[in-house]
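Following: one structure in C-alpha cells, then a few remarks.
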Amino acid sequence: MLEATRVRNLPPYLFARIERLIAEKKEAGVDVISLGIGDPDTPTPKHIIEELYLAAQNPENHQYPSSVGMLSYRQAVAAWYARRFGVELDPKTEVVSLLGSKEGIAHISWCYVDPGDLVLVPDPGYPVYEGGTILAGGTTYKMPLKPENGFLPDLDSIPEEVARKAKLMFINYPNNPTGAVADLGFFEKVVHFAKKYEILVCHDAAYSEITFDGYRAPSFLEVKGAKDVGIEFHSLSKTYNMTGWRIGWAVGNAKAIDALGRLKSNIDSGVFQAIQYAGIKALEGPQDVVKELCDLYAQRRDLVIETLNKLGWNLSKPKGTFYIWAPVPKGFTSASFAEYLIEKAGVVITPGNGYGTNGEGYFRISLTIPTSRLKEALQRIEQHLGKVEF
C-alpha cells in the first residue's frame, strides 16, 4: 500500500541514520565512541526520581491525565518563568504541557499551516522544524545561519514576497547545532519583523539553562510585545537530564497555546501525572544540580576546544548548549569526514549537512559522554588526523 505523500516527503531522520551506523559498527566488533546524539550521560537528580516514585504510588496518577497538563504543573512553569526571566504568564491560558518540546514543535505547524503555506526555518537547524512543516503540507524557506552574522538569521535579507507569505518562523537560541547565542536586541528585531508581516514566532529555548562562563540566556518573551506574536518551547530534558521522561511545555501567545491544546486533545492524552509531579519538583527544587551539570559540560567543552585547536582548528568556546560546531578539514565534506572518523577511529560525529545545506562543511560534537570516553575519542581523532589544514 502506498504511503501518504506527507510521509514519503519526509527526509530520513538524521539521528536514525546515526543510530543505524553505530549498530552496524558494534555488530562488526568495533568499540564505537559516539559524539553524535545530544543525550545527557549523567542521571536525573535523585530528588526528582524520588518524587516520581512517590507520585506513582497514588492510583489516581495512573488514570488519563489532562492533555494540556495539570494546573499545578502549569503554575510551576509560570512561577519558574517569573523567577528566571521576570516574565509573567497566566498558567490557565498561556501555558500548555508537552510530551517533550519536540512534540509541540512538530505539532504547532499543524495548528497554523495549510497545504502550500510557507514557514521560515533556520539552516542549519533542528530537523523537526522542517519535518513538522512537511507533515502539515507546508513548504520551508531556509534562513541561512552564517558565522559572519554570529549564526543569527539576517532578517533584512528575507525577500519581501517570502516574508508576506510566511505563517511561522522558527528560531532557536542557545542554538543547536552551532552553539550560538542571541541577545534581547536580536529578539526585539524578530518581534518587529513578526508584527510587520503577521508571523507567529516559535522560539525553541530547550538549551536556555545550559550556559557557561557566567552567561545567562534570555527568554524571547522578555521582549515587549513578544507574547503578541510568539510562543516559546522548553523542556526539562536538557536542564535536568530527563530526555527519556518526555515532559516540556509551550508558553506565550494565548491563542497559539489554545490552538496547540485543542490539537493535542485530539492526538494524545497528555503527560503521565507522576512525571508532571516530578517536573514540579525539578522546577521548584534545588537548582545547584543545574550549575553542577553546566560546570561538567564546561570542562568537557574546554577539553574538546583545546584538543582541536592544538590540531589546527581555531575555535572559540561556545557560551551555550553542549555542542561544539566546527569546520571540517581541507579535503573533506561533512559526510566524508564523518565516514572517515567512524571507519578509521571508531568515533561518531554528526555531519553538519544533516542540519541543512548551510551545515555543509561543518560537523557537530556532543559533550554528553563520560569524560574518560571523550578523552579517548579525542586521542583517537588526534592519532588518525594529526595536524589539519583549512
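Numbers here mean position along the shown chain, with the first residue as 1.
Here the Cβ of each residue, glycine as well, is placed from N, Cα and C on the backbone.
Computed from a predicted structure; not experimentally measured.
Swiss-Prot annotations:
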- Tyr13, Gly38, Lys102, Tyr126, Asn176, Arg364: substrate binding site (BINDING)
- Ser101, Lys102, Tyr126, Asn176, Tyr207, Ser235, Leu236, Ser237, Arg246: pyridoxal 5'-phosphate binding site (BINDING)
- Lys238: N6-(pyridoxal phosphate)lysine (MOD_RES)
Tyr126 (substrate binding site), number of other Cβ atoms within 10 Å: 22
Lowest local Cβ density (other Cβ within 10 Å) among recorded positions: Lys102, Lys238, Arg246, Arg364: Arg246
Tyr207 (pyridoxal 5'-phosphate binding site) as reference: those recorded positions from Gly38, Tyr126, Asn176, Lys238 with C-alpha within 10 Å of it: Asn176, Lys238
DSSP three-state assignment (helix, strand or coil) for Asn176 (substrate binding site): coil
Number of Cβ atoms other than its own within 10 Å, given for Asn176 (substrate binding site): 25
Residue among recorded positions Leu236, Lys238, Arg246 with Cα closest to the Cα of Lys102 (substrate binding site): Arg246
Leu236 (pyridoxal 5'-phosphate binding site) versus binding-site residues Gly38, Tyr126, Asn176, Arg364 - nearest by Cα: Gly38
Residues that sit under 8 angstroms from Gly38 (substrate binding site) by C-beta distance, when 6+ apart in the chain: Asn176, Lys238, Thr321, Phe322, Tyr323, Ser366, Thr368
